[in-house]
């Protein structure tokens, strides 16, 4: 090896890259919604192509016309969904339903215990599912005045208003 000369490299370096997203991936609903949340303008247009052959004396000419699908319609060129989506995402107000107050759930439990009824028995008395009674006693239910009225009649106790 001493008399051969310097060692050289004959090949080009290979660079491996991640493949660019395909057209189908760009149209994916998740990608489009993420772009809308980011505030990007989203435009989707269906296009129609017409190829017309115009023949002359010695040669022919091909003309290609492109038309948008909403051409001649009364629809707006761009929709405001991206703006609305961004406004909804920026909204910070925490909205939630009212839950059963602590006083009410304690009053229901106490009245039920005084009558020596189980949750299932009470539910049967008022023609509701046992899950409803469980939710009211745990405080997870959204208060319904009809159900509270049924509970008051079945338990013989006033659960609403001042005692």
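Residue 1 is the first one shown; counting continues down the chain.
Heads up, the Cβ atoms here are built off N, Cα and C, so glycines get one too.
Curation plays no part in TrEMBL annotations; they are all automatic predictions.
For 76-85, the entry in TrEMBL reads compositional bias 'Polar residues'.
The DSSP breakdown of the compositional bias 'Basic and acidic residues' (86-101), given as helix, strand and coil counts, is 5 helix, 0 strand, 11 coil. The compositional bias 'Basic and acidic residues' annotation in TrEMBL covers 86-101.
Among the features that TrEMBL reports, domain 'HTH cro/C1-type' is placed at 108-162.
The region 'Disordered' annotation in TrEMBL covers 76-101.
Look at the domain 'HTH cro/C1-type' (108-162): DSSP puts its residues at 34 helix, 0 strand, 21 coil.
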